[in-house]
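What Swiss-Prot says about this protein:
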type	residues	note
DOMAIN	2-77	domain 'Lipoyl-binding'
MOD_RES	K43	N6-lipoyllysine
DOMAIN	118-155	domain 'Peripheral subunit-binding (PSBD)'
ACT_SITE	H371	active site
ACT_SITE	D375	active site
Amino acid sequence: MAVKVVMPKLGMAMKQGEVSIWNKKVGDPVEKGESIASIQSEKIEMEIEAPEKGTLIDIKVKEGEEVPPGTAICYIGDANESVQEEAGAPVAEDNMPQAVQPVKQENKPAASKKDRMKISPVARKIAEKAGLDLKQLKGTGPGGRIVKDDVTKALAEQKKDQAKPVSEQKAQEIPVTGMRKVIAARMQESLANSAQLTITMKADITKLATLQKQLSPTAEERYGTKLTITHFVSRAAVLALQAHPVLNSFYQNERIITHPHVHLGMAVALENGLVVPVIRHAEKLSLIELAQSISENAKKAREGRAGSEELQGSTFSITNLGAFGVEHFTPILNPPETGILGIGASYDTPVYQGEEIVRSTILPLSLTFDHRACDGAPAAAFLKAMKTYLEEPAALIL
């Protein structure tokens, strides 16, 4: 009897999965565990393996088509076998095939250069079909991995070189796929379905900056982690959320759901998009433990090692544009969260202290919140609590 292969559920929040490319065609023999297709959903590209040995006798979902988890995408059976569709209940999650985690390239002693190259299966197949030299491609994915966008851009450049003079060239149309498609949908959904408001505040972190410089070398020596201002701000946010739980909530189905634990989402920028790894039960972590988790999660995200479960489930998020010189901005909520904190670029400025003018380091903070769940006064009180922690930082290390 033919075996049905379905779109796997990569995470609790997954609603649709896209078949990026088929590695096999109808009539091809397959081995158990062999990759038959690549799928992408929720910012992650993965492969689907054949659950049994046999022949690919039918493909139900075309390349580029999106379907819900549990939908049959193909059938594997005997070469002359016909497919008998099963009617009734959807496939249970326990019976769904397991998707392979993002491909990790291993340095095997006898491997060829082709095998050692960091490239996604989709990108490799498109490049080889088009006759592109893989060695000439520059990867922009995590860890320098060559992704689909790199190949499509290289093909576009190749066509451009063979096209009309520069003065006659037209604007380039870039299809919105993969991670960018997910980000676009979620950001539009966030703004359309919530009442977002951003308030700002400045904290004098002169004492904190001095403390950070004193503690960071010791932390690196003992624990292998440098302490940054972001780590202190994150710790302050966790403490402030415990005192102001309305910011650690969801607005869903006309109900406000407050969470007993702080699952902190820390936005990480990638070459081709943005992901938000989650630090669970952040309220149970010390400053150094929180710093280690933030650093490790960011590293895994940039190297493409973060799984789908590590990229969802946050109750409050933090994003930092300070490295780009941005001071205040309006972060967009990560639905269904009620709040997101934006960290700006610190700067030195003269400040009055009594009758004296002193040099102080100022850190701009921007808080976006959902006005359906939280009013302006509680949001301002949360920022005020953060300001207090940052200006008197002893509590952050206790």
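Using N, Cα and C of the backbone, Cβ positions are placed for all residues, glycine too.
Note that the coordinates shown come from a computational prediction; the quantities given were computed from them, not determined experimentally.
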For H371 (active site): intrachain residues, at least 6 apart, with Cβ closer than 8 Å: A195, Q196, L197
DSSP helix/strand/coil residue counts for the domain 'Peripheral subunit-binding (PSBD)' (118-155): 24 helix, 2 strand, 12 coil
C-beta crowding around D375 (active site), within 10 angstroms: 12
